[in-house]
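Some features that TrEMBL has for this protein:
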- 22-294: domain 'G-protein coupled receptors family 1 profile' (DOMAIN)
- 6-32: transmembrane segment (TRANSMEM)
- 44-68: transmembrane segment (TRANSMEM)
- 94-114: transmembrane segment (TRANSMEM)
- 126-149: transmembrane segment (TRANSMEM)
- 169-195: transmembrane segment (TRANSMEM)
- 243-263: transmembrane segment (TRANSMEM)
Amino acid sequence: MSIWELLLAFLVVLLMLVALLANVLVLMCFLYSADIRKQVPGLFILNLTFCNLLMAVSSMPLTLAGIIYKSQPAGDQVCHAVGFLETFLTTNSMLSMAALSIDRWIAVVFPLSYHSKMRYRDAALILSYTWLHSASFPIVAASLSWVGFHHLYASCTLYNKRPEDRTQFVIFTGVFHALSFLLSLVVLCFTYLKVLKVARFHCKRIDVITMQTLVLLVDIHPSVRERCLEEQRRRRQRATKKISTFIGTFILCFAPYVITRLVELSSVVHINSHWGIISKCLAYSKAVSDPFVYSLLRHQYKKTWKDIINKILKRSSINSSALAGEPRSRDLPQLNE
């Protein structure tokens, strides 16, 4: 193996381990906290977490083996199953992110009618659509034998080996990425930009009230005034940073891989195999970033995880104190004697 292949193999191992750990933490928080389970977005996050976990235990290990052995790492049936699952999970993850953005849009733009517009039943219907949408493309690809081991990405994915099917495969690939990546990106941009518009409007109202208060309070200490102005600046930047993170990570992780898949269809441009694997790793990195972007960095999940740690530490301290007290209880009869 060359130094490049060693680095790529190490990168896949790192992505796989971090994705497993981070998504398991999200799943633990979901199972532990009743408040998180009651919230409608929790269904979308749970679906996204399962997609990321399945990706980490199915597609990533085979890509690692493909990098190491430079050939198909398993039998045809296993490779077809993993390729089918990889296409389904990638599409499902994209649509789950779009569903989360729709939920945030309704919550921010229509706060008074949110509970009537986004109920558990509505979330279940949206998830049902994402599953049907995500399953339709791999079913078509599998029925036409367009799933297999692709050397450019060292993974089992969409792949056409028959030259006579080239035109049909090009059309299928274009429609697939238009109705998965592009559709999800349009929904993300539309909904989050609407959310950003509302957030900026509320920030302006708060800023006006704050400035009026500062003008009235002529005896206020300069340090307090500075803290108020600094909080204004942070408030204006907070929503922009969050929305930039949501859209930015989606584009950064998926766009290079999607563009590479589309450019690959042209016989004019030659794509380096190392870049093909790097673009695949960028797509895998979304399974690593999702737990932090959507869950673990939020206040509610931080609090839940702290409660879990405190409960574990408390239980271990109780057990250790019980074990420490056990010999003393055994010695009591001897002292009495």
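Along the chain as shown, the residues are counted starting at 1.
In case you wondered, yes, glycine gets a Cβ from its N, Cα and C as well.
Given the structure is predicted, the values throughout are model-derived calculations rather than measurements.
The transmembrane segment (243-263) is not in contact with the transmembrane segment (44-68), judged by fewer than 3 CB-CB distances under 8 Å for residue pairs 6 or more apart in sequence. Under 8 Å from some Cβ of the transmembrane segment (6-32) lie the Cβ atoms of residues 42, 45-46, 49, 52-53, 55-57, 60-61, 63-64, 67-68, 274, 277-278, 281, 284-285, 287-288, 290-292, 295-296, 301, 304-305, 307-308, all in the same chain and six or more residues away from its ends.
Listed stretches 44-68, 94-114, 126-149 were compared with the transmembrane segment (169-195); the greatest number of C-beta pairs under 8 angstroms is found for 94-114. Among residues of the same chain six or more beyond the transmembrane segment (126-149), those with a C-beta under 8 A of the stretch's C-beta atoms are 43-44, 47, 66, 71-73, 76, 79-80, 83-85, 87-89, 91-92, 95-96, 99, 102, 155-162, 165, 168-169, 172, 176, 179-180.
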